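Annotation comment: Swiss-Prot describes 2 as N-acetylalanine. Taken from Swiss-Prot, the feature disulfide bond covers 24-58, and the record attributes it to similarity to another entry. Annotation source Swiss-Prot lists N6-acetyllysine at 64, 75. Under the heading N6-succinyllysine, Swiss-Prot lists 64, citing a large-scale study or a structure entry as support.
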């Protein structure tokens, strides 16, 4: 619980406003993202209840993680062909400001 509180504080200090995940419902390149959502989304949302985390599915789209910060700044991380564990690490990097 303390780790979740610490990561919430870190995200707030970085000015993180929103996370968006884009993925394809069927493509093999999005499989790790789909697995991440099934296995870890609920835990992530519980750890960050006030952070909007948007999941967007679209046919043939390349899987990406978008982080929107204060003053309209955005960072993009490709999630193509990553495993669920690698997607988790990418998400942790965004939440800690390393992305």
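Every residue number used here counts from 1 along the chain in the order it is shown.
Just so it is clear, glycine is given a Cβ too, placed from its N, Cα and C backbone atoms.
Feature map: annotations from Swiss-Prot on the structure.
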residue : record          : DSSP class
24      : disulfide bond  : coil
58      : disulfide bond  : coil
64      : N6-acetyllysine : strand
75      : N6-acetyllysine : strand
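For residue 75 (N6-acetyllysine), the spatially nearest entry among the recorded positions 24, 58, 64 is 64, judged by CA separation.
When the neighbouring Cβ atoms lying within 10 Å are counted for each of the disulfide-bonded residues (24, 58), the highest count belongs to 24. Counting other CB atoms no more than 10 Å from each candidate's CB, the modified residues 64, 75 peak at 64.
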